[in-house]
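See structure below.
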Amino acid sequence: MYIKQVIIQGFRSYRDQTIVDPFSSKHNVIVGRNGSGKSNFFYAIQFVLSDEFSHLRPEQRLALLHEGTGPRVISAFVEIIFDNSDNRLPIDKEEVSLRRVIGAKKDQYFLDKKMVTKNDVMNLLESAGFSRSNPYYIVKQGKINQMATAPDSQRLKLLREVAGTRVYDERKEESISLMKETEGKREKINELLKYIEERLHTLEEEKEELAQYQKWDKMRRALEYTIYNQELNETRAKLDELSAKRETSGEKSRQLRDAQQDARDKMEDIERQVRELKTKISAMKEEKEQLSAERQEQIKQRTKLELKAKDLQDELAGNSEQRKRLLKERQKLLEKIEEKQKELAETEPKFNSVKEKEERGIARLAQATQERTDLYAKQGRGSQFTSKEERDKWIKKELKSLDQAINDKKRQIAAIHKDLEDTEANKEKNLEQYNKLDQDLNEVKARVEELDRKYYEVKNKKDELQSERNYLWREENAEQQALAAKREDLEKKQQLLRAATGKAILNGIDSINKVLDHFRRKGINQHVQNGYHGIVMNNFECEPAFYTCVEVTAGNRLFYHIVDSDEVSTKILMEFNKMNLPGEVTFLPLNKLDVRDTAYPETNDAIPMISKLRYNPRFDKAFKHVFGKTLICRSMEVSTQLARAFTMDCITLEGDQVSHRGALTGGYYDTRKSRLELQKDVRKAEEELGELEAKLNENLRRNIERINNEIDQLMNQMQQIETQQRKFKASRDSILSEMKMLKEKRQQSEKTFMPKQRSLQSLEASLHAMESTRESLKAELGTDLLSQLSLEDQKRVDALNDEIRQLQQENRQLLNERIKLEGIITRVETYLNENLRKRLDQVEQELNELRETEGGTVLTATTSELEAINKRVKDTMARSEDLDNSIDKTEAGIKELQKSMERWKNMEKEHMDAINHDTKELEKMTNRQGMLLKKKEECMKKIRELGSLPQEAFEKYQTLSLKQLFRKLEQCNTELKKYSHVNKKALDQFVNFSEQKEKLIKRQEELDRGYKSIMELMNVLELRKYEAIQLTFKQVSKNFSEVFQKLVPGGKATLVMKKGDVEGSQSQDEGEGSGESERGSGSQSSVPSVDQFTGVGIRVSFTGKQGEMREMQQLSGGQKSLVALALIFAIQKCDPAPFYLFDEIDQALDAQHRKAVSDMIMELAVHAQFITTTFRPELLESADKFYGVKFRNKVSHIDVITAEMAKDFVEDDTTHG
């Protein structure tokens, strides 16, 4: 073992971490200037290994910290790494590190980076061969000089330390302390023995009276024992009887509680049924109200439809009569029109003939009148014009005017002809258009009738679907109410579960669900969602009989959360904390649970709890972790036996536990608050709620949605049909309007036709007159201008006058006749057009309208709708009647349930009264049992107070009755009163003091033996100390002589043990001969004392001659240092260490002696490591490795250097300063 490496940081001049290159296992030399830090390096090693730095005050610790430029060092450490390949240290490692760390307020040791105590370190070093009694494996600078100048007594002290006499001294001090303590105890015992002897003498005198007293007292105690024993047996019998009664009462109470719980369960079940039935009644009543409202609405619709149908039927019936009447009227109108037309046909030819004659007469009259006018004009022109030429000029002018007027007349006549022709053509065209529109009107009417029929069909279908939807709505409402009732029931069960569970746990479960919902909404951490499996309680099932024991076993572990891995739980917890959610959660990560298969006992009295649980094998680890080491046992006795035998937790079905550690827990467990039962109820309610919601969503809501879609489609169809109806009705109205307009046009054209014809006739007559005047003027042109008419012209005038008179008379007759006929025609035509034909048009229109109504579309649709509404009313009434029946039946059922509830309430009350009665009885029995137990304790106490009794006392009075016993007891008490003055405890005190005397005598003997042993031990210790000093002196003296001869060839040295005699004079013994002298002196005294030694002297000769032997004070300084070195080497050879540290031991030696010391170190380095410092080259010759210490900026540094650099360093230390 040797120092392999040293690491220093912050210690004295070593500020930065300094890792010294590994040392050689032989001789290592450190060189450096004065003050560079060599000695500090040695101090660092001594700081870790030596006792010198063991108890440091804060200011001393601060003094060891580095002080220099830069920030202050607040802590320092020194670490020594030992090569332990030889296993000298009792640690199974080739390298062992020992570090000491100090600061202003700390001082710690670390062994292989583990904190240890100072004592542990010192013990470890002592086990490796580092002796506390020989600290000279580290020789500091100046130590050689100190030893060279030390007095003899100091060397004796050194020899005693090397010999290890300190241990003997410590043990001697302990022995002296024990001896003093023993002496004190001996004195106390002597005093007690003296007092006891005096007391025993006094008690001896009181014994005689006490004997009589004891005789009667013995009898009294025997009697009292018998009395108390009889009372005790009687009390025990009563207690046994009470225990049996209590057990019976307890069993009965359990049965009553079970019956009461059954009654409560039945009552809860009945209450639930009543709630469900009331909810059902409420739903049915609500449905009935809805049905009533629907029925009222349906009745209103039916009434409207019935009135409408009646109106339509009446209208159809009326239309039929009206049609007959209209047809009859039409026929009469046609007959009258035909009659009038016939009359008109008969009158019109006459009228036309008269008119034609009249027109001819008028034309002839006009012509004759014009001709006469022309003749008169001709006669008048004779006086009018003066000449023929003037006349002709005027005639030409008149002719020109007449020609222009005639042309105008002709144009007018042509225009009227054209107008009449156009009127006739328009009439034909109008008739064609009218017929075409009439055909279109019939088509439109047919299309409207078809659309009406289709509209009513769609409407009826829509009404049927609405009725079906109303029914489904009622069903949905009923289901919703049932759903609400289920939700309320679920909330109550969840509330009960919450009440039976801690708030923090429930908050934790809610918070975990929020975290998972957050992951689902965000669509993240899918593996976390898949890796979470809920709480333990939701993942297994078992029989209800095991609920209590399972729940008691698991406790709050029922609410632990099962996850696939610790990663899943970490993710959940990170989000849990991030969202700052409340609650307490505990995870069971399946990948981290370490469960082993358990060997269960094979017995019929117990079964493994886990075998009664049903769960997914995937979660086997979690359930084995919670329930795997628990047995369900038949009874507490079995539980206790198995728990002790198999180191397993055991539990009964009632929940009484026996831990494998020995603890027993149990008592009454309220099964009504079973969390497993509550969880089962919650789960069942959730499933039922889910089924109702699924039914509601899958059936009713889907059907309602389907019907809504169909109704929407039908509404769209109805809107489309209505749009088409409006379109075709608008087209029909347009056609009718257009037909009316055409008819009016035709009538208007007929009205203007006759006036135009008369105007044409008038124009033609006027044209003839103008043409006649023109012919007359033309004939007069060129004739002679006469003042009188010619005879022929005069005759013509007379003839014309006669003709004119005749024509005027005829014309008047014709005019009268024409006016008469025209009046007839006008009256007939007016009657025809304004009355008959107009009425005929009205009749035709009414007949057309009747034909539209007579199609029966509206009536058919109304009748169909009325039948549908009647069916719905009937269905509604039937459903309402069914609801009434159901309500009656349900109310009857509620009454029956209420009666049953009353019965169960009475039964529960009876059970409760019985339980209360049993409880009171039990309390009475408990009180009585308490009193009996108290009496029992009193009897037992009194029996104990009687003290020890002879054997006869247990049997002597057993046959006596209590009366006899009390009589004898009274007699005893009377006799005992005579000895009331006697010291009752005299005998006891005598016996007690006698026993104490014996014990004290034994204790005195033991102390005497102990005192003698201590004296012997002290003599042995003194002898061993003497022998150790003698042996050590011999070894050191021998080694000193040998080492000195090697250091000083031819020289001689010896150690001298100096003694002091009784008279104060001194003697001395040298080296080897001292042993016999001491043994001789030992024969005169039983134990030789080391106190006779006063010092260790040194006698040396550097020439080897006996006569030149000198004392230390006679030597020079170098010789003293050499002798001191020889003494140190001698001590080290006597008690070798694994390594040595020498700081400038060759300082005062000359070159020759330094060489001898170097050779000595080389010899010793074969078996031990040396680390030395020097300023001389001789020590370098025996070294294996060299180190240089430099000091820069108040900081020391140590590095490996070569031998040449080391020599250069010691020869001229300024080179590497």
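Every residue, even glycine, has its Cβ placed from backbone N, Cα and C.
Annotation source Swiss-Prot lists ATP binding site at Gly32, Arg33, Asn34, Gly35, Ser36, Gly37, Lys38, Ser39. Annotated coiled coil per Swiss-Prot: 179-350, 393-503, 669-916, 958-989, in sequence order. Annotated domain 'SMC hinge' per Swiss-Prot: 530-642, in sequence order. The feature N6-acetyllysine is assigned by Swiss-Prot to Lys105, Lys106, Lys140, Lys1190. Swiss-Prot lists Thr783 with the feature phosphothreonine. Here Swiss-Prot flags Ser787, Ser886, Ser1013, Ser1065, Ser1067, Ser1074, Ser1083 as phosphoserine. Marked as region 'Disordered' by Swiss-Prot: 242-268, 1059-1090.
Residues of the region 'Disordered' (242-268) grouped by DSSP class, helix first, strand second and coil last, total 27 helix, 0 strand, 0 coil. In the three-state DSSP reading, Gly32 (ATP binding site) counts as strand. Scoring each of the recorded positions (Lys38, Lys105, Lys106, Lys140, Lys1190) by how many neighbouring Cβ atoms lie within 10 Å, the top position goes to Lys38. The ATP site, placed at the center of the C-beta atoms of Gly32, Arg33, Asn34, Gly35, Ser36, Gly37, Lys38, Ser39, has further neighbours from the same chain whose C-beta lies within 8 angstroms: Asn40, Val1189, Phe1191, Ser1196.
With all protein chains in the displayed structure included, the most crowded Cβ environment within 10 Å among the recorded positions Asn34, Ser39, Thr783, Ser886 is that of Ser39.
The closest partner of Arg33 (ATP binding site) among the modified residues, by CA position, is Lys1190; the full candidate set was Lys105, Ser886, Lys1190. Within 10 Å of Lys38 (ATP binding site), as judged by C-alpha distances, the modified residues found are Lys1190; the full candidate list was Lys105, Lys106, Thr783, Lys1190. Within the same chain, no residue at least 6 positions away from Ser1013 (phosphoserine) has a Cβ under 8 Å from its Cβ. When Cβ atoms from all protein chains are considered, those within 10 Å of Gly32 (ATP binding site) total 25, not counting its own. Within the set of modified residues Lys105, Lys106, Lys140, Thr783, Ser886, the entry lying nearest in space to Gly37 (ATP binding site) is Lys140 (CA atoms). Counting other CB atoms no more than 10 Å from each candidate's CB, the binding-site residues Gly35, Gly37 peak at Gly37. Residue counts for the domain 'SMC hinge' (530-642) under DSSP (helix as H, G, I; strand as E, B; rest coil) come to 57 helix, 21 strand, 35 coil. Taken together, the residues in the coiled coil (958-989) have a mean pLDDT of 75 on the 0 to 100 scale. Its Cβ placed at the centre, Arg33 (ATP binding site) has 17 other Cβ atoms within 10 Å.
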